[in-house]
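Structure incoming, see below.
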Amino acid sequence: MACELNEILPRDLEPTHYRIKIIPNLKTLDISGVVRITFIVKNETNKIIFNLSNIIIVEESVKITQKENSKSIEIKSQNYMECCLYEIALNNPLKVEEEYFLDLAYSGELNKSLQGFYKMTYLDNFDDVRTGASTQFSPTDARKAFPCFDEPHFKATFRISIARPSDMKTLSNMILEKSEPIIGSDNYVWDHYPETPKMPTYIVGFMITTLKTTSNLDNLIRVWCRGILLGLTDFATDLAPKILNYLEDYFDIKFPLPKMDLVAVPEFGFSAMENYGMITFRENVLLCNKNASIDEKKKSALVMGHEIAHQWFGNLVTPSTWNDLWLKEGFATYFEYLSVDKAEPSWEVMNDFIQSETSRAFQVDALHSARPISAHLINCRQIRQTFDAISYAKGACLVRMMHDFLGDGVFQDGIRTLLRKYEHGSIDCDRLFGIFEPKELSKEFVKVAMESWTKQAGFPVVNASFDAGSSSLTLTQERFYYSNEEDNEQLWYIPVQLIFDDLDIDEFFWLKERTKTFEISIEDWYLLNLNQTGYYIVNYDLENWQKLIKNIEIFPTLTQLQLIGDSMDLARANQLNYSVPLSLIKKISESQDFKECFENLINEKLSYLRNFLSSTPLHSVLKDFPVIKNHRPALAVCGKICTCEECNFLRTNLSSLIQENSTVRVQDAGSLFAAIAKQNCRLAFNFLRKNWHKMLNRYGDGFSIMARMITCLAAHMNEENDIQEFIEFKNSVENNIGSTSEAFEIAINTIQSNLEWIENNYKSVENWFRENAFL
């Protein structure tokens, strides 16, 4: 059974400084280190409890000293506790507001899991295989490199020394201060780094490597990669300063460190990580060929924008607990779009927001398994599960909604005040919501309104119906589900923009009640939530939907995307006939101004249909549907029947995921499995069930790889026995489920939703294709 003990550290002690000296041996993969932690006592206690994982403390080295008088404190006992905790019991309580030193020596290992302090192997200069080491501490893995208070609100300064082979180099958060030989250790060198600003443990970073840079070492921004890839650094070298300049100007705070390294790490689990002053990336995320497509460049730029935005949101100010991860991830996601839009306006990246963020958030938040964005988390397993579309995509949508209803000036002034007031400190929702000074809203209203979005799961659909006879518009809100609705009492404070006949906002108000009716004169169409700045969808009476489709070309791109997304989601939930979204897609796809962002969203939404139609007569008609015929001629057929030869090929690739000397890198396993599942879901599902323990041991809990495998399977399952098999699968691995319990719930909800779709919607889709001469 996964450990559900409360792993949260007591707040009796507050670390203020770490002095770390660490010696990794790249041949034996051993680590030895010493650390001095300076801490202040906030509440009387006779215990010192901190985090460690896969680390052995040299007990006789442990010393506690009162800083003021160098008095040694007597130790009663030392114990390894459950769930990555270590306890030092003292004979007498420590004095409140006094400062102490905790000194200790320890040993550990360089692991192969891409978490904590890990080994990486890479090819340098085409034929030179090198072994290096790098770190990935977020969210809870600094404890694998050194004993520490490994929670985000425990911010401290760090002074780090790293031992390295003399023919390699190190990188860390700060600029290298000096190097010196290690006495008695041939060919090993100490690299000493100066003290950092106050920061949490999860953004500490260091590596031992042979990476190179074309940047002048005096530059503020330096791009590092393997020597054979130096020709691919121009894109990042050119774009990163533009993003940085925009954010410095927007926040009115200069980047506070002396340098910012952008490092393409040969082996890396996440897409990127915002280590303070040493941002790490997957190679294929940071490095761009000069002939790369605009789409590839946008993806790289947005990740850069995200990580650079974190230097303020996350690093300069930090969420006080992981309960509100969205306070850093939501803001970083939103500002990645603003910053890249400013750096490269011709890309129009804000047009990608609805498909990449709003739609992604809705897909998870419309399930019965959805969680509130603010959560109560007590252990590492729960913490890891929150690195999801709710924290990132929904978080960004809520920030965008706040920006819209507060207005540019109030929003920017509030953000600047927040960053200055809590610089090098921590924030929570109360501090965020209380920082804004809106002219027409009280601070209390902002807090109450936003808490209706952060403290409850899901999001609303606003049903709008106009009665021409009485000139009255009725709006009703309820929680939106993809599958059968449940009765619930949830209400949101919904910012409503009402537009009709032109594109000016004719009315703005808050829908707080279940139903609101008011008199209004509407001669033609009407529209709510222009450009989907509010985190909700809108369903209209059929007459208004038809008018919106007829006039679709007069609306801004974002609003057209919104109407595609809303209508497809409503149809999927059986709240709107499929004739509406399919007619809308047909109309937009025939436009001369058909943009890539339309193509991306439409094909994402149609993929849901393709999953279900793959084994039906309707599958063949999709190739003649205008979006595919006119704009995606090379679209691969999804869900086709595999030949024996193809099945053997897929089996071989699946087997490579668990081979001892597999050529599949950990970071690529999720993508490979998803691609196989798309071609033959049953084959992939059976493989995962049979090899669950091997897969979990190899790919661990750290990067949501296993969770992604589970959820991608569910997307292709739509038969009666699938849901029972998935439940039995979950039950069979309950004692070794890792951080995937939430993914199992999402998958089971998804399959249930799929079954309901088949029952409720197949006939209406078939009728539309027949009526429009596709059948």
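If you go along the chain as it appears here, the first residue is 1 and each next one adds 1.
Keep in mind that glycine also has a Cβ here, set from the backbone N, Cα and C atoms.
Whatever TrEMBL says is automated annotation, not expert-curated.
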Which of these, Glu296, Glu329, does TrEMBL list as part of the Zn(2+) site with His306, His310?
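Only hit among Glu296, Glu329 in TrEMBL's Zn(2+) site, alongside His306, His310: Glu329.
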In terms of Cα spacing, which of the recorded positions Glu307, His310, Glu329 are within 10 angstroms of Tyr392 (site 'Transition state stabilizer')?
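Taking Glu307, His310, Glu329 one by one, the ones whose Cα falls within 10 Å of Tyr392 (site 'Transition state stabilizer') are Glu329.
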Determine which recorded stretch among 15-203, 525-625, 654-752 has the most C-beta pairs below 8 angstroms with the domain 'Peptidase M1 membrane alanine aminopeptidase' (235-453).
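Selected stretch: 15-203, with the most Cβ pairs under 8 Å.
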Just give the helix, strand and coil counts over the domain 'ERAP1-like C-terminal' (654-752), going by DSSP.
72 helix, 0 strand, 27 coil
Excluding His306, His310, Glu329 themselves, which residues in that chain have a Cβ inside 8 Å of the centre of the Cβ atoms defining the Zn(2+) site?
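For the Zn(2+) site the neighbour list reads Glu274, Glu307, Ala309, Phe313, Gly314, Lys328, Phe331, Ala332, Thr333, Glu336, Tyr392.
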With H, G and I counted as helix, E and B as strand and the rest as coil, say where DSSP puts His310 (Zn(2+) binding site).
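DSSP call for His310 (Zn(2+) binding site): coil, neither helix nor strand.
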Kindly state the mean pLDDT of the domain 'ERAP1-like C-terminal' (525-625) in the predicted structure.
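90, rounded to a whole number.
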Report the DSSP secondary-structure composition of the domain 'ERAP1-like C-terminal' (525-625) as helix, strand and coil residue counts.
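When I sort the residues of the domain 'ERAP1-like C-terminal' (525-625) into the three classes, I find 68 helix, 7 strand, 26 coil.
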